[in-house]
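As written in TrEMBL, here are the features:
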| type | residues | note |
| --- | --- | --- |
| DOMAIN | 30-205 | domain 'Lipase' |
| ACT_SITE | Ser150 | active site, nucleophile |
| ACT_SITE | Asp174 | active site, charge relay system |
| BINDING | Arg188, Asp190, Asp193 | Ca(2+) binding site |
| DOMAIN | 207-295 | domain 'Lipase' |
| ACT_SITE | His214 | active site, charge relay system |
Amino acid sequence: MCWARSENKRPCLEFSQLNILHSIKDLFSPQMDIVLMMYTRNNPSCAEPLFEQNNSLNVNFNTSKKTVWIIHGYRPMGSTPKWLQNFLKVLLNHEDLNVIVVDWNRGATTFIYNRAVKNIRKVAATLGTYIQILLNHGATLDNFHFIGMSLGAHVSGFVGKIFQGQLGRITGLDPAGPKFSGQPCDLRLDYTDAKFVDVIHSDINGVAFIKCSHQRAVYLFMASLETTCNFISFPCPSHKDFHAGSCVDCDNFKEKSCPRLGYQAELWKDVLKERKEKRFLRTTVFLDTTATKPFCSYYFVLSITVLDNNMKNGYITFKLLNQLGMVEESRVYEKNRSFYQLQEVKILAQFSNDVVNISGIGLGYFQRSNWQCFQYNYNIHRVMVQSLTYPERPPLCIYNFVLKGNEELFLNPSTCTS
């Protein structure tokens with residue numbers, strides 16, 4: 001723990017400034033220390049102790065407001081997490097709450113990963129003691145939201161177990177896998193550790209709530225607060241099924257549509273709880289993001305109903321024209337499709353740019369085999385395009401037209417009549 005001077009002359013707590021030398025020293029003399037750094041809108045850039053002398057509560061802590069606990073993970077180099085200051089900023093900009101940074105850097109800064117793993121139990125036990133003091137001051141478990149990165153996710157889980165799953169919410173951001181994957185639920189973060197548990201895995205090979213590339217989860221979570229983008233995600237049995245285009249339907253989530261990644265996920269708390277009580281122990285959802293900040297991609301569902309049965313063994317192309325007449329290309333999930341008379345087929349498409357005012361829809365159906373000597377004409381009963389990223393936008397339709405095989409056709413849509 002370090003101290004810095006604030007404008008009001010009260011010393012500010014600073015995150016423990018450690019380095020590789022501390023990891024070397026830890027090989028011979030292990031250290032463990034936990035500091036709670038409190039931020040509010042009254043002190044957004046100057047951390048203060050959560051407790052004063054004799055365990056009296058800091059006057060800036062409001063027991064009636066939500067409290068977000070941020071817990072970092074394994075830090076073999078001892079450096080301050082690069083994301084920490086911005087995380088604090090976006091949280092306090094978004095909502096008036098208490099934020100507590102759990103600095104257990106002296107315990108996470110070690111070359112011996114197993115030692116850090118053992119230390120997380122000590123961190124959880126200490127936090128349990130502090131939380132009990134907060135409860136004595138009038139705070140409530142339901143107002144606590146733990147956000148844990150890497151090993152910090154499992155710290156959050158162990159705290160949740162101490163309080164028998166009564167914490168309001170736990171968010172795990174890329175929870176550590178080594179020593180935890182495949183372990184019983186009492187030895188790792190589990191969906192029973194809080195009233196609402198959401199986990200973002202950015203490692204595509206992990207088993208996860210949301211799939212996206214490693215260590216990006218914390219930045220995705222922040223992006224859900226920093227941008228107006230809805231990070232829509234799709235319930236699906238597996239990542240393979242998701243990329244096969246088998247998981248398009250958001251109707252099971254009623255008027256809320258599919259769940260969103262990040263801070264907004266708790267808006268789906270009730271409907272996800274309902275799913276769990278029916279037959280799902282947990283809901284696994286997937287989405288693809290862009291490679292760079294703000295990471296948002298835009299999903300549309302293309303629904304096609306045909307009038308005959310000859311639209312087979314081909315693949316779909318789907319484009320949108322924006323209000324300036326510029327073409328926006330899409331990535332179609334599982335382009336290979338066969339269509340049957342009067343059976344609606346839904347196709348998921350991802351765009352890198354949002355198309356708010358759609359002036360045209362480009363559609364094509366191409367046969368994979370080149371040996372055919374004549375061209376099919378396909379009778380389309382209806383094409384409907386709906387934004388899933390922004391489901392409040394009305395769908396657009398095109399009715400009763402002929403689509404020539406192996407040609408792309410652009411048509412002007414209108415508001416759907418039914």
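Cβ coordinates come from backbone N, Cα and C, glycine included.
This view paints the features noted in TrEMBL onto the structure.
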residue: Ser150; record: active site, nucleophile; contacts (Cβ under 8 Å, 6+ apart): His72, Gly73, Tyr74, Leu173, Asp174, Pro175, Ala176
residue: Arg188; record: Ca(2+) binding site; contacts (Cβ under 8 Å, 6+ apart): His154, Gly157, Pro175, Phe180, Ser181
residue: Asp190; record: Ca(2+) binding site; contacts (Cβ under 8 Å, 6+ apart): Gly157, Val197
residue: Asp193; record: Ca(2+) binding site; contacts (Cβ under 8 Å, 6+ apart): Ser156, Gly157, Val159, Gly160, Lys161, Gly165, Leu167, Ile170
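Those same-chain residues not listed among Arg188, Asp190, Asp193 yet with C-beta within 8 angstroms of the centroid of the Ca(2+) site C-beta atoms are His154, Gly157, Gly160, Lys161, Cys185, Asp186, Leu189, Tyr191, Thr192, Val197. Along the domain 'Lipase' (30-205), the predicted structure has mean pLDDT 94.
The Cβ of Asp174 (active site, charge relay system) has 26 neighbouring Cβ atoms from other residues within 10 Å, across all protein chains displayed.
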